[in-house]
Amino acid sequence: MAAEALLSSLLGLLFLGLLLPAHLTGGVGSLNLEELSEMRYGIQILPLPVMGGQSQASDVVVVSSKYKQRYECRLPAGAIHFQREREEETPAYQGPGIPELLSPMRDAPCLLKTKDWWTYEFCYGRHIQQYHMEDSEIKGDVLYLGYYQSAFNWDDETAKASKQHRLKRYHSQTYGNGSKCDLNGKPREAEVRFLCDEGAGISGDYIDRVDEPFSCSYVLSIRTSRLCPHPLLRPPASAAPQAILCHPALQPDEYMAYLQRQAESKQHEEKVTEEVQDTDHQVWSGSKAAGAPPKKEDVSPTKEDKESEFWKMLQEPEEQATGTEEAQAGEQDLNHEAAADPAPAPPTDFQNNVQVKLIRSPADLIRLIEELKGAEKGKPSVRQEQPGDDTTEAPQREAEAKGKGGEPRGLVEEEDGDEEEEDEDEDEQQLLGEFEKELEGMLLPSDRERLRSEVKAGMERELENIIQETEKELDPEGLRKESEREQAILALTSTLDKLIKRLQESQSPELVQKYKKRRVVPQKPPPSPHPTEEEPEHRVRVRVTKLRHGGPNQDLTVLEMNRENPQLKQIEGLVTEVLEREGLTAEGKIEIKIVRPGAEGKEEDTRWLTDEDTRNLKEIFFNILVQGAEEANKERQRQSELESNYRRVWGSPGGEDTGDLDEFDF
């Protein structure tokens, strides 16, 4: 809005300059209203001054701002040659004339338009009526705005001289001798203007607007696609605004002082640049001379240090690997039964860091827990002594069990089982924590998953073997019952599942997320909770409401358009088309208010939006969704530069000033 106000004010000054004497303006100009109706202009106030009075061209005009700053503005070349080009334009059209193009409207239905209280009815070539409607019925008198009298003749020489219709690109008809006007006592009259609208081919002809410039004198604008084939009525191609360039006009002494200041400023910049370059060269030369000798002296020690570190790094892994292989060999000798067992061996990637123990009895489980406790308290010797303990403690416990001859064997096993259950509840967390810490420090998520599956399968097989061996050793009636056997299996399986579940939950979320990203496993998309019948179409939802005064007290009521209304579907289609064409998604909420008077009657009897409103919505959506932010940014920057240049006042040498910001108002 500020740019438009500035443009109009400067154009006013520009046109006043056209009327000034020739010795002030440097040329003679004339105000061409036809040019203003056809062309668009954009004012540009440049910061580069010129010497005033030097240009004698006819396309230069001198104007003055409110701050008394004079400008020389040069009209664009298109404005100079506008009149000649328009006269030389000869459209090569061999089709039907304008009356023939509009003749089908005679047999078409009359056009209706409701504006405020009144409804207007236009019947081509017959008459124009005005009346009030309530509940689809005419209430009160019917006024005639006029009967058909004549149409504009495009071949008449007098009509050609006016060029009004040619410039505004419309065809007109005259309607007169209507109902008597109560204000001036004259019969009502109207002018009907037909304009090309290519979009009207789908919705049909329509009354765009009804104006009353004078009392009982009306102008109806009708949009139709029937006139678009004619070159004289087809809308011209939109072009960029013609720029009017305005330079500050200085007196000769002011201009010479300006040139001198520019030369001094340029010399100062060159001098500063040379000083900076000299300083950089000196600093670079000094640093290069000082840094060269140390580099030569340090070359050989650095290489020797790097080589020694490299050989140390190679020797350390070999020593570690040798120690690990020896430990593994000793463990395999002591646990030959475990090697012969069909349980799966751990992956080869973990043979240097992971030790796998087979738990074949509750006593082995207790010993493993004690070893882990000792490792936590800072006793690394527990793990080294483990193979020996395995061989010595097992016979001792068996001897103690056999020594108790007064008790049955089944009772001894039950008492041992109770003690083991109590110890298991206390030490389960400790065992699981140590196991998880070692896995987190040594394994990647993918390796953990593989190791976990193999350990789980091996433990399940070992549990099954333990149950089978126990059945053989115990009394035939001990666990032969199916119920007892199932209970034992469930107890062992639940413990195993609990350990595996806790292990899965304790994984680092970040590592799990990275592991999931690396895996390329196709997953089915989750089903939508509320499937729609046509998902792409229902991505965009448009809601149209209308405010209307009604009832005896003229209360304000709110009406909402029905979802089945075809006009609502058309609006949703326009929004979807804009979004798909620009590659945007329907996110967020946009509210657009169209302020217009509502019509009386029920919802189904009234039209919510005119055809023009529906067509304009597409442009509104495009401006909001696509061009809004970028264009607003550019316009804001251009406006700021324009105002800054306009406020600058060029005075005596060194005395430039700016206008008062409080007085300057766009």
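Please read every residue number as a count from 1 along the shown chain.
Backbone N, Cα and C atoms are what each Cβ position is placed from, and that goes for glycine too.
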Next on the checklist: Just confirming the record: what cysteine out of C181, C216, C228 does Swiss-Prot connect to C196 via a disulfide?
Outcome noted: C228
Checklist entry - Of the listed cysteines C73, C110, which one does Swiss-Prot record as disulfide-linked to C123? => result C110
Item to check | Under 8 Å by Cβ from N177 (N-linked glycosylation site), counting only residues of that chain that are 6 or more apart | outcome: G146, Y147, Q149, P187, E189
